[in-house]
């Protein structure tokens, strides 16, 4: 008997690297999207931490009035933020090498652009990595589709809105009070609370929270009893066990009697699809709303829409909101312009008799 031994070609270094990158046996899956995700998110995180602690004030409005955002310049965790790139820069790509010095780059808010653009690349790659791992494991792709909702929301406030408004200085500041400031100014300029897509987003987030709490509490409550009536049902289970611990038929029966029969799911797959789709679709709509308001297609305006027979305005809640919007608008960027845009746009009365 003759044995033929074939010498196996040793795999190249590149081949071993590719196998390691795409291996599903690693403790944390890397993947080709991860090759870009890891450096971009590390960069965004590192610069965020350094800038939040030590960045000097930024001339956000481009009028030589720097605004302090870092901890070392007098802020705390609540008031601190990464101040958006200066209006003097607008939408220009502003890496460090485009500035005359690092001091100039910091003064004009260069770190904001650096953080935001790396962050958006990173989270987009994280979404791609979710799809890639699902593909390698033979799973369906809906995890990445669900994650597209927060990715779209982040892209809307950090990229699409500044593009529509013409400057990164209009992007959302990276901090707690900065986020609230962004929301208040957004309401003042775009009447977002009266936009149907924002309403759908509110229904998505609040409804998703409600459905998540209902589902979790119902599953936890409808245990398959493994004990006698005289001891706690909890004694029949150990945390993380593989065996099924709840009965969907019992849960369906409970909920069907609590509300009505057809308000309850008796199919686990359709139930979980609903739990995923409701908040995702809501947040998609909100991101779409921000992206349309970026180009000044604003919320509904019912101001002074109710009048009496003499043509006198009967104030409604729309007029109250309008008055609040004007108040918020005159308070922000108070030194950048003399009047809010709504007032400045009104035609001056004729004075020639």
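Residue numbers in this text run from 1 along the chain shown.
Cβ coordinates are placed from backbone N, Cα and C, and glycine is handled just like the others.
Quick look at what Swiss-Prot lists:
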MOD_RES   2  phosphothreonine
MOD_RES   2  N-acetylthreonine
TRANSMEM  29-46  transmembrane segment
TRANSMEM  118-133  transmembrane segment
BINDING   126  pheophytin a binding site
TRANSMEM  142-156  transmembrane segment
SITE      161  site 'Tyrosine radical intermediate'
BINDING   170, 189, 332, 333, 342, 344  [CaMn4O5] cluster binding site
SITE      190  site 'Stabilizes free radical intermediate'
TRANSMEM  197-218  transmembrane segment
BINDING   198  chlorophyll a PD1 binding site
BINDING   215, 264, 265  quinone binding site
BINDING   215, 272  Fe cation binding site
TRANSMEM  274-288  transmembrane segment
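Listed stretches 29-46, 118-133, 142-156, 197-218 were compared with the transmembrane segment (274-288); the greatest number of C-beta pairs under 8 angstroms is found for 197-218. Here the transmembrane segment (197-218) has Cβ contacts under 8 Å with residues 251, 254-255, 271, 274-275, 278-283, 285-286, 288-289, 292, 299 of the same chain, all six or more residues outside its ends.
Sequence-distant contacts of the transmembrane segment (142-156), counting only residues of its own chain at least 6 positions beyond either end whose CB sits under 8 Å from a CB of the stretch, comprise 119-120, 123-124, 126-128, 130-131, 134, 276, 279-281, 283-284, 286-288, 290-291, 294.
Taking the centre of the Cβ atoms of 215, 264, 265 as the quinone site, the nearby residues of that chain (Cβ within 8 Å, site residues left out) are 214, 218, 251, 252, 255, 266, 271, 274. Applying an 8 A CB threshold to same-chain residues 6+ apart, the list for the residue listed as 'pheophytin a binding site' reads 33, 37, 41, 147.
Residue annotation for quinone gives 215, 264, 265. The furthest Cα pair among them is separated by 11 Å. The binding-site residues recorded for this entry are 198, 264, 265, and the Cα of 198 lies nearest to that of residue 332 ([CaMn4O5] cluster binding site). In sequence order, 251, 252, 255, 256 are the residues near residue 264 (quinone binding site), counting only same-chain partners six or more apart with C-beta under 8 A. Around residue 333 ([CaMn4O5] cluster binding site), the same-chain residues at least 6 positions away in sequence with a Cβ under 8 Å from its Cβ are 61.
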